[in-house]
Amino acid sequence: MATSDTITNWVDPNDKTGEFKRQVSSFRSFISRSDPSSPFPPEKGRYHLYVSYACPWATRALIVRKLKGLEDIISFSSVHWHMGPLGWRFPLAEEGKEGGDAAGDQVVPDPVGGKQYMREVYFGVEPEYNARFTVPVLFDKEGGRIVNNESSEIVRMLGSEFNEIVEDAKAKELDLYPEDLRAEIDEVNEWVYHDINNGVYKSGFATTQEAYERNVTKLFEGLDKVEKHLKEVQEKGKGEYWFGERLTEVDVRLFPTIIRFDPVYVQHFKCNLRDIRSGYPAIHRWMRHLYWNVPAFRETTNFLHIKKHYTCSHPQINPKGITPLGPVPDILPLDEEVEAVKAAKN
């Protein structure tokens, strides 16, 4: 059983490299519409998605749930933003309401099993579970089982396996992993994961100067690569997504990291070689297009949870739990720029 003193040790104290190493997800079953023998067929009302609005890995699953019109097919709920020694906790009813300290859509007490902590969901399925109690978790309410807790696989399942029971025609037709782009999507997802999605954590949780500098340098090399690609796409005038006019998994998987970058990663994780709003104009344009023009991205972004989680759940980084007010605003409107960018344009 995972003990409380290991949950928030993001780097093994005995690891002299100071490197943050993300654990491999433990539950890896699949919902399948094509395999009649699958114990997890796509059914309306059977599955529940546990998320945290603070967590970028969970948010990507929540984005796909909305994009694919699964709101009436798969229920969801969010944990409280705070992660303490016992891991994620479920909020009290008043905490998630408007004006509460964790306000947000479906920020409610555990609606499936009435648990207090996410760890209890894991132990209820596997009493000897000995790893982190992560989100997202795709849970089978009928069987009382965790189907999967690997975000990339949950994204893939939600993106395709429920198509036959989705009622919204536009959502049903949306293919986030089209066959003609799969090789390229897989290639981009691979380096974006290592250099950027996980790169911010490898930078922020590093416990040696060498580990920090190595990973933050790699992170910004990855952002430079993203900037170059998006600039080329935008200059062609053929669309605002990674693949121009086609929204894909690449956009879904990159967005949760980029939307958190200026409000959290710049200061909290010391990812401060540049920020997005003044240092990466093409990325900034891409991010704002998704946020302001595609409701699934805006409606699953909760800056309260994002800022409070990181600054109040990592005492080894921010022992006083003080949450910075800035940047203001959390995200700029489409037609506004920071003063440095305005000056450069003039």
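Each residue, glycine too, has its Cβ placed from N, Cα and C.
Here's what TrEMBL has on this protein:
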ACT_SITE  CYS55  active site, nucleophile
BINDING   TRP88, ARG132, PHE133, THR134, VAL135, GLU150, SER151  glutathione binding site
DOMAIN    178-310  domain 'GST C-terminal'
ACT_SITE  TYR201  active site, proton donor/acceptor
SITE      TYR265  site 'Lowers pKa of active site Cys'
SITE      TYR310  site 'Lowers pKa of active site Cys'
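Each of the binding-site residues TRP88, PHE133 was scored by the number of other CB atoms within 10 Å of its CB, and the largest score is that of TRP88. VAL135 (glutathione binding site) has its Cα within 10 Å of the Cα of these recorded positions: CYS55, taken from CYS55, TYR201, TYR265, TYR310. Cα-Cα distance from GLU150 (glutathione binding site) to TYR265 (site 'Lowers pKa of active site Cys'): 23 Å (rounded to the nearest whole number). With TRP88, ARG132, PHE133, THR134, VAL135, GLU150, SER151 listed as the residues that bind glutathione, the site has a largest C-alpha separation of 17 Å. Helix, strand and coil counts from DSSP across the domain 'GST C-terminal' (178-310) read 102 helix, 4 strand, 27 coil. Within the model, the domain 'GST C-terminal' (178-310) shows a mean pLDDT value of 98, rounded to a whole number.
Looking only at the recorded positions TYR201, TYR265, the densest Cβ neighbourhood within 10 Å occurs at TYR265. Per-site Cβ counts within 10 Å over the binding-site residues THR134, SER151 peak at SER151. If you take the Cα of the residue listed as 'active site, proton donor/acceptor' and the Cα of TYR265 (site 'Lowers pKa of active site Cys'), they are about 9 angstrom apart, rounded to a whole number. Cα spacing between SER151 (glutathione binding site) and TYR310 (site 'Lowers pKa of active site Cys'): 19 Å, rounded to the nearest whole number.
In the shown protein chains, 20 other C-beta atoms lie within 10 A of the C-beta of ARG132 (glutathione binding site). Cα of ARG132 (glutathione binding site) to Cα of TYR265 (site 'Lowers pKa of active site Cys'): a distance of 22 Å. Residue pair TYR265 (site 'Lowers pKa of active site Cys') / THR134 (glutathione binding site) shows a Cα separation of 20 Å.
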